[in-house]
Amino acid sequence: MSKHKNQRTARTLEKTWDTLNHLIVISSCLYRLNLKSIAQIALSVLAMIISTSLIIAAIIFIISANHKVTLTTVTVQTIKNHTEKNISTYLTQVPPERVNSSKQPTTTSPIHTNSATISPNTKSETHHTTAQTKGRITTSTQTNKPSTKSRSKNPPKKPKDDYHFEVFNFVPCSICGNNQLCKSICKTIPSNKPKKKPTIKPTNKPTTKTTNKRDPKTPAKMPKKEIITNPAKKPTLKTTERDTSISQSTVLDTITPKYTIQQQSLHSTTSENTPSSTQIPTASEPSTLNPN
């Protein structure tokens, strides 16, 4: 059926390609005849046909791909069913004894004894032998099984509070009681309680006094004396004799004009009061009067 569908799709694609070629030839002829409007219509029709053909081809491709996917899934399922059937038939055909012998190479037949005919000493011996055989079987099975768990470098940290709820791979000795065989197999449960660290008290060490000893070669350094500077005193002005004479002369110069002015005023007043020298004759000069 799939082959027929592929042939049909191939034929439809060929037909569409032929029609497209014919339309291209017709549009070129119309352009040569200067019939632009008709050529434009033909080109638009051609574009529509191309788009529809592409859409159809995509749909066909998707359908064929889905059909292939469904075929592959069906084949895988059939293979799985076939293998499961083969395994189940093989297991039914092979007896369980062979399977057990392959898994447990060192098996021993159990010892059956009548309890009425055997004394208690023999009972204890038979119990001991059965326990030994069971122990051997368990050890052989444990060694033959491969370890599937991946060993991690950092094991998971156990909580600190779970001291009594741990699952152990060995028998605890508290269950055994007086049974010596159980005591030989059992192991004591390790106590995971944190041990108390011994408290170390700090010892008081004697304090050593350190004295600053000076070497005899190095001279002792004298402490520097601080220079005390007195506040600057104002210099006293020393007056020389020349300076004093100059100052006195300046004072006299300032005083004399006033004194001279006073003398002149007094002289003028006295001259007015006294008669003139021409009017008053002196005793030495003789009086020369003209007789009229």
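Note that Cβ sites are derived from N, Cα and C of the backbone, with glycine treated the same way.
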Practice prompt. Could you identify, going by Swiss-Prot, the member of C182, C186 that forms a disulphide bond with C173?
Written response: C186
Fill in: By Cα-Cα distance, the member of disulfide-bonded residues C176, C182, C186 nearest T203 (O-linked glycosylation site)
C186
Practice prompt. Could you find out if DSSP has C182 (disulfide bond) as helix, strand or coil?
Written response: helix
Item to complete: Restricting attention to the topological domain 'Extracellular' (67-292), give the mean pLDDT.
Response: 56
